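As given in TrEMBL:
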| type | residues | note |
| --- | --- | --- |
| DOMAIN | 1-84 | domain 'PDZ' |
| REGION | 15-35 | region 'Disordered' |
| DOMAIN | 99-187 | domain 'PDZ' |
| DOMAIN | 201-285 | domain 'PDZ' |
| REGION | 358-399 | region 'Disordered' |
| COMPBIAS | 358-372 | compositional bias 'Low complexity' |
| COMPBIAS | 386-399 | compositional bias 'Basic residues' |
Amino acid sequence: MVELVKKEGSTLGLTISGGTDKDGKPRVSNLRPGGLAARSDQLNVGDYIKSVNGINLTKLRHEEIISLLKNVGERVLLEVEYELPPTAPDSTSGVISKTIDICLHKEGSSFGFVMRGGAHEDWHKSRPLVITYVRPGGPADREGTLRPGDRLLSVDGVPLHSASHNDALSVLAQCGQEALFQIEYDVTIMDTVANASGPLLVEIAKSPGATLGITLTSANHRNKQVIVIDRVKSGSVVDRCGALHPGDHLLSIDGTSTEHCTVLEATQLLASTTELVKLEILPSHQTRLAGKQHDTVKVQKSDYPHNWDPCINYCHPQNSTLCNTSSTLNKSWTPSNNNTINSLDYCKSLVCASFSTSSTTTSGPSSQSSNTLPRPAVPMSPRNSLLKRRQRKKEHKSC
């Protein structure tokens, strides 16, 4: 049930389609931006309206429904029926799940998002508590992390794993003006990026006004200054995309080379991008550029005596590999049953060894030559070296 309280002479701010003389059940076909129904954050486009203040709509014609909504009193009680959100993705769906805590400030009686799902007495109808809509300009939209399809796990430390939809709404209503939300979101697994050789062209489509969520820095690679991705913000467009990671070299932004750019200039280029961003990168696993390490390594003297041979180099040389490949990857999550879910954010990665900024699409897989340099011989281990020296001593004594 959705309760709306309107001022005298004002409207609900929603459009209803359907009726006995129309094709289909009465449903919400539009929510006027800024209207009462939209600001309530309880309705989605596509919701079915079963009754208004206890009056059943299933046997009313379209004009009768419109007249009823216009002449209803200040307190409006809508019985709403909606399609269930999708179940949580499994490990074979090409995504992994991450969690993040975000702080939102209440505006009026809402945090600026619509939530559906929850536990149900019929387990077939039980779903995670899924965010189905983020109202433009609302608190959640201004914070910038929450996306349609995210799952709500807890609010102010109160777990919601077994909460029904009504229970979850009650928890939200009892929150103060500021609340901490634990959110679960999906990150696309980009196998092509991990296995690629050569530069990648990554296309990212983002919502208007959204930021990519990456911080840049510079590094010295092969005696040359390069622009490198320093950090990726959790829950950001880039993080969810799964194609870019800290340590990746940023070669160009929308066709503009970063070769002679400072970090500030490259950051300004990113800020000026439109809804479709094209980034040419060299993944960190190809550059051999280690990111910032936070692991602690403990080194101590060995208790065992060893006679090390200082003439032997025990450092493993890097493998030098030159490969040309051409393939296309396009992974995106698209909601299947709720047209209110915003699916503007997506990521496409094009793997290209000989990249040209004038070409941003590929026509499909093609055969390329592959040249691999021979791998240097693996150096002898200290243990084997010691055994060989002992063997030589034995042979010398026996002569």
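Placement of Cβ uses the backbone N, Cα and C atoms for every residue, glycine included.
What you see is a predicted model, and the numbers here were worked out from it, not measured in a lab.
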Whole-number mean of pLDDT values that fall within the domain 'PDZ' (1-84): 87
Secondary structure composition of the domain 'PDZ' (201-285) [DSSP: H/G/I, E/B, coil]: 16 helix, 34 strand, 35 coil
